[in-house]
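Going by Swiss-Prot, these are the annotated features:
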REGION    1-23  region 'Disordered'
COMPBIAS  1-13  compositional bias 'Basic and acidic residues'
COMPBIAS  14-23  compositional bias 'Low complexity'
REGION    117-142  region 'Disordered'
DOMAIN    286-349  domain 'bZIP'
REGION    288-307  region 'Basic motif'
REGION    314-335  region 'Leucine-zipper'
Amino acid sequence: MDLKDGGGSERRGAAAGAGAGAAPLARQGSIYSLTFDEFQSTLGGMGGGLGKDFGSMNMDELLRSIWTAEESQAMASASAAAAAAEGGLQRQGSLTLPRTLSVKTVDEVWRDLEREASPGAAAADGGGGGGEQQQPRRQPTLGEMTLEEFLVRAGVVRENTAAAAAMVAAAAAPPVAPRSIPAVNNSSIFFGNYGGVNDAAAAAAGAMGFSPVGIGDPTMGNRLMSGVAGIGGGAITVAPVDTSVGQMDSAGKGDGDLSSPMAPVPYPFEGVIRGRRSGGNVEKVVERRQRRMIKNRESAARSRARKQAYTMELEAEVQKLKEQNMELQKKQEEIMEMQKNFFPEMQKNQVLEAVNNPYGQKKRCLRRTLTGPW
């Protein structure tokens, strides 16, 4: 397997791949077309040297350094007016890493790629046997490989089906040497087709689109998110996506649960894989809670009404008893006045009789006169 030739074929098939299948994204002159050595020197020129070799980085750190270089390039080339109008280029979140791949270093991934490429290269050399012995092909080093080719072979991104077919058709074209990074205008870098920039302009500029792992093509029926996402120096477009959850294809090396916790999430999901399910269940819970609150309020209102009615009844009874008490007191006073006015003489006569006859009248009683004769 000729790794260098594979990277050149990708660049040679850019113009032809733009016209077939899904809308490809412009990446001509982007960070991804640089080799590791050129990228290292570019970081040093931007003042963003990490002080650390790429081989000792893990894949998460490599992607973060690529995003940092893109942001630095966009900020250095954008004018103040364009930055105020367009908001600037934000860090791309279209690349996700499987969890098993994010913890590996670049050297470990490169050794795995070399082991995978060795049997294929040996079979290709043996299949072309004949009278003359072929010269052994020199395998490219890590520093000579472009970032895009490394990410594609490592399984981080995968090429579009239409772009791959166009790349095979344009394999006879002369290779294009890597160019220096031109100034990028923020006015032409955007997310989605918002203005007058269309996919035809990106195709005329020699654009090739590639999408991250787990983003399905429209021709595949795996219920993945349909659309493409890429990073380029000319234009960036993102097609509308379907947020239904599905399993990744074979290039994703697993389902969505293996995504790196440190990698940015490219698209929002309406559902969740683990934990509580959202949607109808949440609406039912909220509705039950609202009904319970309404019932509690009605019960409290009824209790307050009963208490108020009982209090008013007690107050009315107390008022009635007070009125009856006042009437009885008035009657008692009237009776006392009548006794003082109408019975004073009777009382005097009774006193005089008691003085004159201290013993009172003689009491009558039965006396025994005779006894029976016997």
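Numbers run from 1 along the shown chain.
Using the three backbone atoms N, Cα and C, a Cβ is placed for every residue, glycine included.
Helix, strand and coil residue tallies for the region 'Leucine-zipper' (314-335), in that order: 22 helix, 0 strand, 0 coil [DSSP].
With DSSP classes pooled into helix, strand and coil, the tally for the region 'Basic motif' (288-307) is 20 helix, 0 strand, 0 coil. Summarising model confidence by region, the domain 'bZIP' (286-349) averages a pLDDT of 91.
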